[in-house]
Amino acid sequence: MTNTLDRLAPSESQDLVSPGEVDTERVVDLVGQLLAAIGEDPGREGLADTPARVAAWWRSFFSPEPSAAPTSFPEQHVSGQLVVIGGMSVWSLCEHHLLPMNLDVAVGYVPDGEVIGLSKFGRIAQRYAGRLQVQERFTRQVVDEIAVVLGSTDVAVAVRGTHLCMSSRGVRMEAARTTTLQAGGRFESDPVLSQQFLALATDRWRVA
Ligand SMILES: Nc1nc2c(ncn2[C@@H]2O[C@H](COP(=O)(O)OP(=O)(O)OP(=O)(O)O)[C@@H](O)[C@H]2O)c(=O)[nH]1
Ligand SMILES: [Zn+2]
């Protein structure tokens with residue numbers, strides 16, 4: 001069985017690093033060129049500020065809040081409990097089409113004498129959403145970072161993705177949803193724990 005922490009070889013762990021800076025001036029210039037290339041007049045009133053708005057959006061997309069050390073609290077009597085944080089919805093961009101994907105993320109872990117501040121799971125999901133992505137890689141990155149934070153591989157992440165590249169263009173299947181699941185440690189070896197996680201994590205997906 002592959003240990004998640006062992007799997008973090010140097011080349012792979014590089015994707016834990018945030019993407020580079022956005023060259024805002026260049027993006028403004030290129031969006032103006034794009035508008036011209038699709039037959040628009042970049043100088044017309046309605047489009048005059050569009051390149052700057054788009055550049056500002058790219059900048060904010062790639063600049064989620066800086067990584068802070070996740071807050072943890074000693075809880076020496078809490079161990080062996082299943083904790084599931086669900087409904088963490090983040091927006092990312094599909095790297096094939098540059099179209100948005102909505103990722104509904106659920107994380108499960110088993111604390112052992114220490115609990116992590118709940119919002120920190122959402123911050124980790126936001127950080128990995130703020131880059132060009134594919135859903136499978138996003139799911140793995142979130143699992144890997146939480147495993148590092150916890151110092152334990154007892155982590156599972158389930159993600160339900162809605163990809164605009166599949167619903168608004170191409171095959172145009174609006175109802176298509178992609179579910180990814182990556183489970184480590186006890187979530188991999190204990191079928192009961194795994195089932196409990198899935199039941200709690202995907203509860204809201206059945207009615208949505
Ligand atoms: N595995 C995976 N595929 C994705 C994801 N987001 C988008 N894709 C797929 O990436 C593929 C790109 O395929 P291409 O054939 O190169 O692109 P395309 O001609 O635009 O494909 P269509 O979407 O079928 O029109 C498509 O099948 C998308 O559905 C993702 O997060 N994970
Ligand atoms: Zn796509």
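Numbering starts at 1 and runs along the chain as it is shown here.
Yeah, the Cβs are placed from backbone N, Cα and C, and that goes for glycine too.
Bear in mind that TrEMBL entries carry predicted annotations, made automatically and left uncurated.
Per TrEMBL, the feature compositional bias 'Polar residues' maps to 1-16.
Annotation comment: TrEMBL describes 1-20 as region 'Disordered'.
For 31-200, the entry in TrEMBL reads domain 'GTP cyclohydrolase I'.
DSSP assigns C94 (Zn(2+) binding site) to a strand. Other Cβ atoms within 10 Å of the Cβ of C94 (Zn(2+) binding site), summed over all protein chains shown, number 18. Here TrEMBL flags C94, H97, C165 as Zn(2+) binding site.
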Listed in sequence order, residues not in C94, H97, C165 with Cβ within 8 Å of the centre of the Zn(2+) site Cβ atoms: L93, E95, H96, L98, L99, M101, H163, L164, M166, R169
